[in-house]
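I have placed the structure first, in the form of structure tokens, so that the comments after it can refer back to it.
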């Protein structure tokens, strides 16, 4: 009887460990509820679509490929099913793209700036994330987060955002890993070379925070996600600072860097 109990306990421990490990395959562990006050969720027709980043009380930065008609933006959200008491909702008042025709590629101009229909108030779970003051440094440890699938290729979408730490690589690593990428690009390359941690479907537009600075946001990556030697590609915020700041200042004819 004692032996049976010991074996049963070992089995429970094994299953518990396996479950925790599977949760780390794509998006990491559940984010601390207080670490993502700037993270927003983009919805279309009641369905979660993408992430984004609040950069001041009236503006959100995300990926151009996340654009949809009749979008709703949720701020201060942690659980999709259990709202925070200070959760707020907005819709876009205006959307801005690098190209008036919304032309973008996997390596260029996948960026959208959204002006909210009314400003949001800072609260327990809502606060903007500052734009970067310095360029990103290769070798940095970066934080990723989002409500995207935590398994791939089969998709499992969590109720709460997951967070993980990954590394910032030289762009040449992504250039060698993904066919079709040009020799240079205004994107960042980040991931874990041994695989197992990555952003994935549903994480698009969510932030890449390196050494505490908002350096990028999710653009695209390999399929399946989190494969060895296939880091993800992130739009580089620092290269678009002038365009972002000009648009916010009212210069809506500003152009993105070539």
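The backbone N, Cα and C atoms fix where each Cβ goes, and this holds for glycine too.
Feature annotations, courtesy of Swiss-Prot:
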SIGNAL    1-18  signal peptide
DOMAIN    25-249  domain 'Peptidase S1'
DISULFID  31-163  disulfide bond
DISULFID  50-66  disulfide bond
ACT_SITE  65  active site, charge relay system
DISULFID  98-256  disulfide bond
CARBOHYD  103  N-linked glycosylation site
ACT_SITE  110  active site, charge relay system
CARBOHYD  121  N-linked glycosylation site
CARBOHYD  122  N-linked glycosylation site
DISULFID  142-210  disulfide bond
CARBOHYD  154  N-linked glycosylation site
CARBOHYD  170  N-linked glycosylation site
DISULFID  174-189  disulfide bond
DISULFID  200-225  disulfide bond
ACT_SITE  204  active site, charge relay system
CARBOHYD  251  N-linked glycosylation site
*Which one is it: of the recorded positions 31, 103, 142, 154, 163, whose Cα lies the shortest distance from the Cα of residue 66 (disulfide bond)?*
103
*Given the recorded positions 110, 189, 204, 251, 256, which lie within 10 A of residue 50 (disulfide bond) by CA-CA distance?*
204
*What count of other C-beta atoms do you get within 10 angstroms of the C-beta of residue 204 (active site, charge relay system), across all chains shown?*
25
*asked:* What whole-number Å value do you get for the CA-CA distance of residue 65 (active site, charge relay system) and residue 170 (N-linked glycosylation site)?
replied: 24
*When a 10 Å sphere is centred on the Cβ of residue 189 (disulfide bond), how many other Cβ atoms does it contain?*
26
*By CA-CA distance, flag whichever of 31, 122, 174, 210 among the recorded positions is nearest to residue 103 (N-linked glycosylation site).*
174
